[in-house]
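**Student:** Attaching a single structure in structure tokens format; questions to follow.
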Amino acid sequence: METESAQYFAMAIAIGLGSLGPAIGIGLLVSSALNSIGRNPEAESKIRTLMILGIAFAEAIAIYALVVALIIRFV
Amino acid sequence: MHEISLKAEPLFNLFGVTITNTIFSSVLVILALLIVLIIKSVGFKSIPSGGFQVIFEFIYTFIGDLYTGIMHKDYKNSVLFSLLFCVFIYILMSNWFGLLPFVGSLMLHTNGHQVPVFRAPTSDLSVTASLAIISVLVTNALGISFGGLKYLTKYVNIKSPIDFVVGMLELVSEIGKVLSFSFRLFGNVFAGEVLLAVITSLTYGIFTLPFFGLEIFVGLIQALVFFLLTTVFISVAVAHE
């Protein structure tokens, strides 16, 4: 297999597998945030700020995988 | 489709320093922000009448309320909030700079190949790494300034073996913060650039609008997240009183 096609495969696998974990993590985060807002509607803005923060942390892992995929292809 | 380069492409040499297109764009963004804000702020009145003052004060109070919600201190006379707001506005305008029409398409022809003259500053890992290092250094500096040198015993704790290991892990975690700040911002903006380059080479005109909308949204969220995370880390570092 030449380097070029191996690069394409590696890029696809890197971002494909790398976004599984963060997707599940963000789903869990948002689900528990929605649960707690349903239980306590007054604290909505506090919960919303913390949820966005948590989503940013989880999303960063997916971005690491994306950067690795881009480095494989373009460097 | 013009070739996508992870590194910033050099434009010219100035007194021996290579100026890349992201440095040039960053200087443009800062100059534009300075000129517009200084000129417009001269005309600010106590009862706002112009549209610009209303919009700017809305953004300022919105971010300020986020700051107050995390730090539990008033934002109105706070020097720290001014610094964090500057970082937020700079990152926001740098992210959105990559969406302007002439960015990425206006080319300079040097040495046989062509180089885009403008590029979003935050799509360069150097810029985002610098911002990340500034944030983490400011966090630790504020921790030392509020808690004295005892703040450093968070990292180097010779009381007991397990405290020492925990201190080492805290140090590693600080480096992890620098990496995660820089790669989160860089990855989002650079991936957005790649996405836009691919989409504009596939379709044209109105079909590219949803992707530009996505980029506007992502640019705003990433600037907000950088600001919020820095504020949260500062509030944690300062609370060790």
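Cβ atoms are placed via backbone N, Cα and C, with glycine included.
Heads up, here are the entries from TrEMBL:
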type     : residues  : note
TRANSMEM : B:12-39   : transmembrane segment
TRANSMEM : B:51-68   : transmembrane segment
TRANSMEM : B:80-107  : transmembrane segment
TRANSMEM : B:127-149 : transmembrane segment
TRANSMEM : B:185-207 : transmembrane segment
TRANSMEM : B:219-239 : transmembrane segment
**Student:** What residues elsewhere in the chain lie close to the transmembrane segment (B:80-107), defined as a C-beta under 8 angstroms and at least 6 residues from its ends?
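**Tutor:** Long-range Cβ neighbours of the transmembrane segment (B:80-107): 2, 25-26, 28-30, 32-33, 60, 63-64, 67, 114-123, 127, 131, 134-135, 138, 142, 185, 189, 192-193, 196-197, 212, 215-216, 218-220, 222-224, 226-227, 230-231, 234.
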**Student:** Give me the stretch from B:12-39, B:51-68, B:127-149 with the greatest number of Cβ pairs under 8 Å to the transmembrane segment (B:219-239).
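**Tutor:** By the under-8 Å Cβ criterion, the transmembrane segment (B:219-239) pairs most with B:127-149.
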